[in-house]
Amino acid sequence: MSSKKMVNSVEGCAGDALAGFVACNPDLQLLQGYRVALRSDLDSLKGRVALLSGGGSGHEPAHAGFIGKGMLTGVIAGAVFASPAVGSILAAIRAVAQAGTAGTLLIVKNYTGDRLNFGLAMEQAKAEGISVEMVVIEDDSAFTVLKKAGRRGLCGTILIHKVAGALAEEGMGLEEITKKVSVIAKAIGTLGVSLSPCSVPGTKPTFELAADEMELGLGIHGEAGVRRIKLVPVDQIVTLMLDHMTDTSNISHVPVKSGSSVVLMVNNLGGLSFLELGIIADAAIRLLEGRGVKVARALVGTFMSALEMRGVSLTLMLVDEPLLKLIDAETNAKAWPHMSKVSVTGRNRIRAAPTEPAEAPEATAAGGVASKQMTLVLDRISTTLIGLEEHLNALDRAAGDGDCGSTHSRAAKAIQGWLKEGPTPASPAQVLSKLSVLLLEKMGGSSGALYGLFLTAAAQPLKANTDLPAWSAAMDAGLKAMQKYGKAAPGDRTMLDSLWAAAQELQAWKSPGASLLPVLTKAVKSAEAAAEATKNMEAGAGRASYISSAQLDQPDPGAVAAAAIFRAILEVLQTKAA
């Protein structure tokens, strides 16, 4: 069965994709009758060398994304994973020659079809008296024994686009550019790894990988790599890649060693998330620096893809200062990243954390009866939430991402860890403030933020008094802050429903002669009833608000958790009173 693709037709997808890119970029034009994109300011290139590249489609943004001042003059696109037609290549050469350029350099990836078709077009152009040269890029570092076809052309080709473009922009001649980039290309190595295959529109995937497997050294068309291995953490993957790329017994290795200076490219092969790319980039830089390699520049993104392949390639290019200047030279090519002209290695990547405001000594005093009671309450709350983890997760799966219990359990374990550090502060306001900071840092998600808001606001009325009216006022203040920023209201099927119900009962604490436990008992029962009632509500806030009410037939997990917290508090205070 072929994979799903968003195309108009299999036959027309390459042309449609190129047309869409040109339509969105006024600096580009299509060459009438051909699948060719060119700079729209060709006339400004009179007397300068033109640079043409291309190949099969399906590797976007390569190569059209790298057309622009300081990079390519134009590209010729073949069908998906197919070499461009000789006629299209020749038409592109003629177009730039007729614009008055001082010769054309063809930058070609090392694949048989590309070499043949670009080579034939070059010979025909030369026969017409046009000055044309060709460089073939072979940067694949996968194969330890050189094959007759040579090394494949991979993402390192993009760096040659950049270097050649900068040289052409300086006004260097065709012969000299050709010689320089031919030498530079020999100091580039690329290696890929993937978790999945890719599939040409209208066809089945190019190969199969088990769920726990990945393939090392595969090509950008799904060609076989050097071996399959079990899925391991990113640090191990990157270590394996760097070891393979720099192993001197590997005929296709890149000669990077301690003391070398490199440009690093972390290239998404199509289907990785930016989250994964960031993790891989972090590992690559750490591990290179750990080997004594200076990372002069780092590029992270999608440069040469393989359709939807869930993989990454790493490219290393040995550089010196003159070569870095060419990498840093200005370009307006849409797919080239805007990089700082500063070395990655040697830069201080950590800024000192801001200092905490000084606390009044009386606010931080610990120990005493109140402190011990607060410790018992917090310990019971923590134990309760940890015990409810699976139940809350199950409730959350119907309307959220199924992690409400895990989130509350994470908060509970953080509180337990804090309690082990020593006695809690004697001041309830200080306890709530510290809990707020702890939950914001450790709990995470919207729940952490909402509890953080609630506790921060609730702490304020308790700074002056800690009697029952002050605790009722603290509840009111916390709810007000939660509503202000969370945008939830009673009846929206959130934790606020339980908290609001409890708060209404706690208003009785503001009356003269009010008792602690009778009022709190009513508050707990109201909170539990409100939590149970949420299963009949339509969600008005949070992720559940995007779910049909017909699917919401269980209580809201946040409301259940809030009610359980009140029940835990009551149980501790009842035990103390007994």
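We count from 1, first residue shown onward.
Positions of Cβ are set from backbone N, Cα and C atoms, glycine also.
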Out of Ser427, Ser511, which one does Swiss-Prot list as phosphoserine?
Ser511
Annotated residue, phosphoserine, per Swiss-Prot; candidates Ser260, Ser515, Ser545:
Ser545
Starting from the Cβ centroid of Gly56, Ser57, Gly58, His59, Lys109, Asp114, the recorded dihydroxyacetone site, name every other residue in that chain with its Cβ within 8 Å, sequence order please.
Gly54, Gly55, Ala62, His63, Ala77, Gly78, Val80, Phe81, Ala82, Ser83, Tyr111, Ile220, His221
Those recorded positions of Gly56, Ser57, His59, His221, Ser511 having Cα within 10 angstroms of Met495 (ATP binding site):
none
Between Asp114 (dihydroxyacetone binding site) and Pro557 (ATP binding site), how far is it from one CA atom to the other, in Å?
59
For Asp403 (ATP binding site) and Gly56 (dihydroxyacetone binding site), what Cα-Cα distance in Å is obtained after rounding to a whole number?
44
What recorded positions among His221, Asp401, Ser511 are found with a C-alpha within 10 angstroms of that of His59 (dihydroxyacetone binding site)?
His221
What binding-site residues in the list Gly58, Lys109, Ser446, Pro557 lie within 10 angstroms of His221 (active site, tele-hemiaminal-histidine intermediate), counting C-alpha atoms?
Gly58
How far is it from Gly56 (dihydroxyacetone binding site) to Asp401 (ATP binding site), counting Cα to Cα, in Å?
40
